[in-house]
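Below you'll find the structure, written out as structure tokens, and then a few comments.
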Amino acid sequence: MKKIAVLTSGGDAPGMNAAVRAVVRKAIYDGVEVIGVNRGYAGVIDGDFVKLDKSSVSDIIQRGGTFLRSARCDEFRTKEGRQKAAEQLRKEGVEGLIVIGGDGSFTGAMLLNEETGIRTIGVPATIDNDIACTDDAIGYDTAMNTIIDAISKIRDTASSHERAFVIEAMGRHAGFLTLAAGLAGGAESILVPEMKFDMDKVCENIQAGYEEGKIHSIILVAEGVEMDGQEFTTNRDVNESNAFLIGKEINERTGFETRVSILGHIQRGGSPTGRDRLLASRLGAAAVNAVLSGETNKMVGLIHNKVEVAEIRDAIEGNKEFDEELYELANILSI
Ligand SMILES: Nc1ncnc2c1ncn2[C@@H]1O[C@H](COP(=O)(O)OP(=O)(O)O)[C@@H](O)[C@H]1O
Ligand SMILES: O=P(O)(O)OC[C@H]1O[C@](O)(COP(=O)(O)O)[C@@H](O)[C@@H]1O
Ligand SMILES: [Mg+2]
């Protein structure tokens, strides 16, 4: 194999740059040429390619975002779009494509491979950490630390004013990030889409905490939580959020002064943590190994600190299991 391409797609995640750097440098080490694709699948369809050499990826391991930029591309969801993409890659002489992104990006990669034969390898990167066949996705650790930092700061003001705070973390459909950050940040209650919650209980906890001397309460809510079993999808364009409804209920039921804080896209930015840089570097290099050894339609992941190669379909459809024991532990420790 002489030439491969790399792209970043879907919601950006801190550490994507470190992953691109690893792909480029490992490929060069193996004597393979690397093409960067700008703007994810939109860039493949448009043939928006740039040759990457070892110095194109200098000074980026510490940067958040993705210098290749990312996009959500509807045309790639169509068979015609994917045919166009394959033609562009063939014209450029690209024999393998490394896709750094989340489950949506992997679905696109899988279809591209099945329909056109282009070799694809996925590298999991999403702050949601909702991809199976890997313990962690790139960006998750940084986002978790950003939330923990926000909780600490909000706790300062919450204590000063003896308030309850509803804090909304990202995760339209997944609560992995909220659970981890809530436990590590010492939130009094954690609400996630995977676990039904009882508003009476949440309020009783707050009340009991105050009676026992707590002067604040933090309720960490994933953006995808449902109220009264109603399916809910956030609409960020107009800033709708169930967190406001939850805050209002808490205020009305407990009488405690309540404020709502939506952390929003601050969670997707920032310099990646050491763990994310390490993960991105290992998985980027592993993706090159996989594609050069003839693998296709696979995802590289880290399980029990070892690089593993999985079927990309299993990573998408595998339904990452929500850790109910960890959720229980968070409840036990938050008394
Ligand atoms: N079912 C699908 N079929 C083909 N392409 C898809 C599909 N789902 C997503 N994609 C492509 O992947 C891109 C990123 O997906 P998205 O779900 O937004 O982010 P993520 O990869 O982070 O989950 C989409 O804009 C689209 O181009
Ligand atoms: O930036 P947008 O388009 O508003 O998307 C927000 C969503 O993207 C995420 O940050 C990441 O999700 P994906 O990795 O699936 O793109 C979600 O947590 C959040 O709900
Ligand atoms: Mg996704």
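Count begins at 1; order follows the chain as displayed.
Quick reminder: no glycine exception, Cβ is built from N, Cα and C everywhere.
TrEMBL lists 3-291 with the feature domain 'Phosphofructokinase'. According to TrEMBL, the feature ATP binding site maps to Gly11, Arg72, Cys73, Gly102, Asp103, Gly104, Ser105. For Arg21, Ala22, Val23, Val24, Arg25, Arg155, Gly186, Ala187, Glu188, Lys214, Ile215, His216, the entry in TrEMBL reads ADP binding site. Residues or ranges marked as Mg(2+) binding site by TrEMBL: Asp103. The annotation substrate binding site is assigned in TrEMBL to Thr126, Ile127, Asp128, Arg163, Met170, Gly171, Arg172, Glu223, Arg259, His265, Ile266, Gln267, Arg268. Positions annotated as active site, proton acceptor by TrEMBL: Asp128.
Taking a Cβ cut-off of under 6 Å from any atom of ligand 1, none of the binding-site residues Val23, Met170, Arg172, Ile266 qualifies. By a simple count of nearby Cβ atoms, those within 10 Å, the most crowded of the binding-site residues Cys73, Met170, Ile215, Ile266 is Met170. Here Cys73 (ATP binding site) is compared against the binding-site residues Arg21, Thr126, Ile215, Arg259, Arg268, and the shortest C-alpha distance is to Thr126. Each residue contributes its Cα atom, and for Ile266 (substrate binding site) and Gly104 (ATP binding site) these two points are 22 Å apart. A Cα-Cα distance of 47 Å separates Arg25 (ADP binding site) from Arg259 (substrate binding site). When the Cα atoms are compared, Gly104 (ATP binding site) and Arg21 (ADP binding site) turn out to be 23 Å apart. The residues near the ATP site, meaning same-chain residues not in Gly11, Arg72, Cys73, Gly102, Asp103, Gly104, Ser105 whose C-beta sits within 8 angstroms of the mean position of the site's C-beta atoms, are Ser9, Gly10, Gly40, Gly101, Gly108, Thr126, in sequence order.
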